[in-house]
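Per TrEMBL, domain 'Glycine transporter' is recorded for C:15-87, C:102-173. The annotation transmembrane segment is assigned in TrEMBL to C:12-32, C:39-60, C:72-89, C:96-114, C:126-146, C:158-178, C:184-203.
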């Protein structure tokens, strides 16, 4: 990773990664609650959502899967799920907005972390942007498929699009020589901003003519 | 594997593994029958159920996938599926109880075999318990997702919980110095017993207040 | 690959692979249109359909994933998806027949390419036939699961069966000493022909007695 990161970078990269894992665990827990799941199924769904994207990324890059040699990720998931459970038990309405916002934050973190890890393995920028997008959307895709929801990533509102734009900006920042941590911050912020604005104003990419009926 | 297993262990480990694969193949075949599938789709579903969990385990541990270099697993799946098909054709009612029991036995075998393989690769006990649970539940999760059923693992009745408790017991037994094969037997029995009792008495872990309606 | 292929083979193998990826991308795009998806979700579904099977094949064979070090696959997917989108926008009816035919062609290509790659890694013929089938059906299985359709592979009409017969023929051709490219052509043609005939005449493999009602 020496090409992209200063020496003391692995520390704060790890914390950002943990944060991304935790917010996706929260979004998995909230979805489980929405679907009236209970018991350990909640933890299972939180875990799948939180580590699904990064696990696929590491398998495809053929590097050690990030949570196998480092217990802190599993503890972060458990902690995030437990706090969310306690919080839901004390509250009395479903926080759909929180689910979507937690999902957006996890998406932004995982997108740029995924692209960064892919670049550090020497792949081309095109593949790095795709690996970032995949890291960002795959955990949530698994969550939605398991819960038999239409996946968020397929419902428009610039979900994968935000990842692609944020990823391209991140690789461009690196290309023009910006410091690694500023490039990452820029990529994360842009991904998050586009996704939040798209949710707020229901932005859509339209590629087909709208069907007259279905 | 030298740390955990006597020299002649690989033989009976292989047979236990084959047995776990076969019972999961049976559960996949029964599910295919329940969903009115037919033809080779039955074999496909039996195969996915039987090798899904172990394949994911081996990919994440970065060891050769267990069925690639050893044809006996594929033959065991075909044999189990064929016997189940013949048996269903001669009987005239759907054996839902058998589906659930075959699933429970496969779950118990895969759970402890997965934890054992993970430990033999040098991972921490926490990750080993999780890898065991994942090996146990993932094949059935794929089966249920493909068939568009709500996954058993998310419906409570101590499905993943049984794996976690059995896995913790197994690692504890090894930790206090119990022989590897006795530790495995204890882990398998405890996983199976908890799951069967939970099915029998509809045990549930409740983490959320019950919803008033849905 | 020296055992199975002449020296100038990698070139036309690469073009066949690109063609298979492109037709599966088309089938993913058509399915997205059928399900009234829009925006980048179309591209996501096209990509998952096109690279899902080959990615799983490469992960299990533990070789570098084919699209990571070669951008041409991602460009082929984008191009195929864009052309399909433009074509659908100009036409006014849903080309269901084209979806099924594109799927059949992709199936035949991926089946034999998967078996060839597996054989070149030294696996047994049984595993090679299975890896070919898996390469062929997995992308479409993901497409259908994500779109909450009953997977084509489970609906009969000799979907996986065509792969298995084509794969067996391909390995037999190699075994009797036929040149690699003729063996591949034979395998691809037979897979495609069986699948197309099964679609045309609604061939089914029946293993269970037909249910009286459901």
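For all residues, glycine too, the Cβ spot is worked out from N, Cα and C.
Whatever TrEMBL says is automated annotation, not expert-curated.
By the count of Cβ pairs under 8 Å, the stretch nearest in packing to the transmembrane segment (C:96-114) among C:39-60, C:72-89, C:126-146 is C:126-146. Contact check: the transmembrane segment (C:12-32) against the transmembrane segment (C:158-178) gives fewer than three Cβ pairs closer than 8 Å, residues 6 or more apart, which falls short of the contact criterion. Listed by sequence, the residues of this chain that lie at least six past the ends of the transmembrane segment (C:184-203) yet keep a Cβ under 8 A from its Cβ atoms are 16, 100-101, 104-105, 107-109, 111-113, 115-116, 136, 157-159, 161-163, 165-167, 169-170, 173, 178. Residue counts for the domain 'Glycine transporter' (C:102-173) under DSSP, helix first, then strand, then coil, are 59 helix, 0 strand, 13 coil.
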